[in-house]
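Okay, so here's the structure we're looking at.
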């Protein structure tokens, strides 16, 4: 298995160093649900601004304030504790009376707005996130500037970030131990984290191998292609390669890589043979995913940050803004810009 730090770069290894998250204000995340509250219903959507507290902690505090069980408060995704983040929480509070959430007080947390909603907010039910990052002590401004320009055109690898694998790779190590011993894992959270780490690591490896090709965005026979921004995909055939390549170049279509699991992977012929070869030695993790009935899926191989802009405060400090779809990692963008000694594993997805 390729170590995360050794995964192939799309733009080559960065020439300079820098600091990510010298303080929480250097990492700002604003959640984009992609819809507005209904204005009625048995649930209440609450938009919060937080700094220094994790999502679950705030959700539990909100449940206590509303005098409801903690399981009645949900959210679309975990947001980093050591960052400034805006996100929505959802509390099930039936009845016509609206609680006064302006009275909710928690250090490091502020209620920005709230409204009634018809449906529970479920994990993953968001469109994406807007990021504002500040990189400090940048040692090579020219290199970072050119990389930002290149990313606008070519994107970055859509790797799962180090945070998916746990601090020190603990989630992936747990998956490997589980695969080797076949001992039942009763803890639902551990099961989820370990299985997610296993398929994410296999996906990263397949993408890393594909990036070693001279033209990483070259459509090959049997590739599974996805309409940009959609989940559905179809298989490329030899007769269509020229037209499909044009649409990939226009970023209308995206080449995908497999999230291994049970069932067919989706690719065929040349593309399938390539994916199978890329993870041929990782039989234990593949067997684990099949055994635990984790279904195979597809994910775009490259990621194109939307609304990408940047501003140099001085020669060693740059503020970068961009929007990413749900499930993608800001740290995968930063990785293509600078070498940093910071540990990404503590940054929530």
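Note: Cβ is positioned from N, Cα and C throughout, glycine not excepted.
If you draw a 10 Å sphere around the CB of residue 129 (substrate binding site), it holds 25 other CB atoms from the protein chains shown. Per Swiss-Prot, the feature substrate binding site maps to 27, 129, 329.
The DSSP secondary structure for residue 80 (active site, nucleophile) is coil. Swiss-Prot lists 80 with the feature active site, nucleophile.
For the domain 'TRUD' (155-303), the predicted model reports an average pLDDT of 93. Among the features that Swiss-Prot reports, domain 'TRUD' is placed at 155-303.
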Residue pair residue 329 (substrate binding site), residue 80 (active site, nucleophile) - Cα distance, angstrom, rounded: 12
Residue pair residue 27 (substrate binding site), residue 80 (active site, nucleophile) - Cα distance, angstrom, rounded: 9
Residue 80 (active site, nucleophile) and residue 129 (substrate binding site), distance between Cα atoms, whole Å: 12
Residue 329 (substrate binding site) - helix vs strand vs coil (DSSP): coil
Neighbour count (Cβ, 10 Å) for residue 80 (active site, nucleophile): 21
